[in-house]
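Contents: one structure, followed by commentary.
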Amino acid sequence: MASTNPPLTQADGYGILITLGTIFAMGMVGTTICLRRYKGEEKNSSESFSTADRKVKTGLIASAVVSSWTWAATLLHSSSVAYSYGVSGPLWYATGATVQIILFCIIAIELKRRAPFAHTFLEVVNARYGQAGHLVFIVFCLCTNILVTSMLLTGGAAVVHYLSGIHIVAACFLLPLGTIIYTMVGGIKATFLTDYVHTMVVLIIILIFAFVTYSTSPLLGSPSKVYDLLVNASRMHPVEGNAQGSYLTMRSTEGAIFFIVNIIGNFGTVFVDNGYYNKAIAASPVSALPGYVLGGIAWLAVPFLCSTTMGLAAIALESNPSFPTYPDRMSSDDVSAGLTLPLVAVALLGKTGAIITMIMIFMAVTSAMSAQLIAVSSIVSYDVYRTYINRAATGKKLILVSHISVVTFGIAMSAWSVGLYYIDISMGYLYMMMGIIISSAVIPGALTILWNRQSKWAVCLSPPLGFLCAMIVWLVSTKVQYGWINIQTSSSNFSMLIGNLVALFSPILFVPVISLIKPDPIPYNFASMRAITLVDDSVDNTRNPTFEETERGITILTKNLKFARILAFLLTICLTVIWPWPMYGSSYIFTKPFFTTWVVCGIVWMLFSFCVVGIYPLVENHKVIMTVCKKIYIDLAKSRQRIAINSVGHAAHHGHMSRLATTSFDKRHTNDVQS
């Protein structure tokens with residue numbers, strides 16, 4: 001199904017990347033300047049740069065969560081999972097990566113309640129466990145940022161290369177360029193604003209793909225036609241491990257294994273990613289709970305509808321005799337690289353499909369990468385520079401360090417991703433193995449905030465021990481299963497499953513045992529977390545929360561905590577147990593009416609998500625938007641008035657000088673005549 005001739009020229013590709021990067025860089029820099037001028041935001045405030053003054057509202061938090069969690073892998077790998085396992089793939093992917101966001105609302109509330117002035121999660125670890133625990137979690141958090149950014153750039157660059165022929169090296173460096181600029185200038189507030197725009201664009205494009213596939217396409221055009229082609233595909237190339245080899249069943253053995261790997265790996269990329277703690281810190285107290293819950297529910301529709309559309313469309317097209325490449329199938333390398341989505345987009349919409357796919361992938365890569373840049377810059381500035389190099393660093397100095405770290409990390413990750421390409425490490429491989437590397441820090445990190453009896457020794461030793469055990473089990477199982485270890489053999493679902501399970505759950509044994517053997521002298525009372533202070537930026541910065549506002553916020557968070565725990569537990573059970581597993585156990589094969597309802601529900605859910613992250617933020621912040629627009633209009637009116645006055649004054653002055661010159665000439669002429 002893959003084509004050797006890119007649907008776009010290299011000039012098209014460079015034009016799209018450079019134009020979009022320039023537009024967003026200039027737009028966000030201009031927006032940042034407007035907010036400083038008309039909304040009173042401090043230019044040199046490190047608090048505003050890193051925490052947005054802790055006053056971001058629910059809608060933007062939800063939008064930022066959706067944007068940050070919509071990686072290139074969300075769109076590309078989910079479609080490949082649907083292509084591999086059928087209708088079960090979208091649900092396994094979506095539910096397996098939603099529960100982490102919903103459960104994180106508990107961590108967000110506890111973080112803001114117990115450390116109201118923290119700038120990073122690592123500051124909290126340092127406040128409780130000191131330097132040893134701090135250094136351990138710096139390593140794991142930075143590894144998470146490196147893994148996530150690697151997936152973003154490798155997946156995005158592969159799509160750009162396929163669609164336009166641009167070399168992978170150029171794509172890896174061009175994709176993040178504009179993001180680096182506006183993140184460096186605007187800080188976390190700029191990421192919130194671009195997250196909103198990027199999310200809107202991605203959702204609209206997914207809806208376009210859905211309506212084309214299930215409504216207007218001459219090759220497909222309806223759920224009924226897609227269903228018939230999926231039935232035909234099940235006869236032509238049945239899926240091993242699926243009930244009756246069908247693409248239309250939730251009973252998928254390999255899909256269920258992926259589901260478990262997906263859940264475990266994504267716990268690490270949420271609970272060990274400082275970017276999600278940054279958003280929790282930036283949220284106002286009343287927005288922490290609804291922001292993360294609404295964001296998680298809204299995000300579920302993104303991979304579900306995208307993969308239900310593009311992944312199943314790929315299967316249907318391959319079984320359609322009128323399709324040009326029938327009956328050829330995609331290669332495993334193309335599937336692992338995430339090329340299912342762009343292949344279908346080009347097949348359905350031609351060059352237009354290639355263009356909007358590039359736009360969508362650009363949005364997904366850059367929006368998620370901006371969160372990673374802020375996460376790394378806050379770690380470097382607060383947890384490395386301010387903690388170990390210059391404890392008396394001013395806000396201005398911290399912003400300078402943040403700027404340097406944003407640029408350095410962005411360029412370094414571009415070079416790193418190029419290296420991954422040349423050693424054949426794909427986005428799919430990174431996605432499956434990320435949990436093995438980082439998930440052993442999930443439980444110790446969460447218990448840092450939730451449990452007062454986890455000892456210093458336990459938090460220092462459990463993550464590295466869990467990592468070592470996971471690596472050993474992963475590689476040994478690969479060796480036993482295949483006889484040798486390479487990229488292909490180590491990427492098997494079984495080996496990845498065992499490694500991920502050991503990484504996440506081994507600290508359940510290590511933490512209590514080590515805490516019993518080497519306990520802390522007294523149970524922790526969380527006082528040192530409350531002692532974390534704001535950075536003294538300047539006497540002019542009045543946007544930081546006051547003591548009274550902070551106490552009111554803590555009261556609100558305490559009231560919301562019990563409800564958050566109940567809600568998170570119920571939603572997790574519904575998404576991971578009640579919804580998928582009864583359908584798995586029954587080996588039910590979808591009927592045509594049921595499949596049609598399944599698709600319609602996905603579209604309706606996406607429209608709900610659009611309202612949550614697209615319309616609600618505008619409604620919630622309409623006063624600020626109107627105020628800024630009004631002030632801009634007044635400034636423009638004053639500027640026009642000044643120009644008009646200056647023009648009139650210049651004309652009057654010119655006329656006066658002309659009259660003086662005429663009078664002088666007349667006098668000289670009269671004198672000459674008299675002489």
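Glycine is treated like the rest: Cβ placed from N, Cα and C.
TrEMBL entries are annotated by machine, without manual review.
Cross-referencing 91-111, 364-384 with TrEMBL places the feature transmembrane segment at 91-111.
In this chain, the transmembrane segment (14-35) lies in contact with the transmembrane segment (159-184); the count of Cβ pairs under 8 Å, excluding pairs fewer than 6 apart in sequence, is at least 3.
In this chain, the transmembrane segment (563-582) does not touch the transmembrane segment (132-153); fewer than three CB pairs sit within less than 8 A of each other, excluding pairs fewer than 6 residues apart. With pairs at least 6 apart in sequence, the transmembrane segment (91-111) and the transmembrane segment (563-582) have 3 or more Cβ pairs within the 8 Å limit; the two touch.
Counting Cβ pairs closer than 8 Å and at least 6 residues apart in sequence, the transmembrane segment (256-277) and the transmembrane segment (14-35) reach fewer than three and form no contact. Residues 89-90, 93-94, 97, 101, 148, 151-152, 155-156, 159, 191-192, 194-196, 198-199, 202, 206, 270, 275-276, 279, 282-284, 286-288, 290-292, 294-296, 298-299, 302-303, 306-307, 310-311, 314, 338-341, 344, 360-361, 364-365, 367-368, 371, 427-428, 431, 609, 612-614, 616-621 of the same chain lie 6+ residues outside the transmembrane segment (56-79) yet bring a C-beta within less than 8 angstroms of a C-beta in it. The highest tally of CB pairs under 8 A with the transmembrane segment (91-111), across 196-214, 429-450, 594-616, is held by 429-450.
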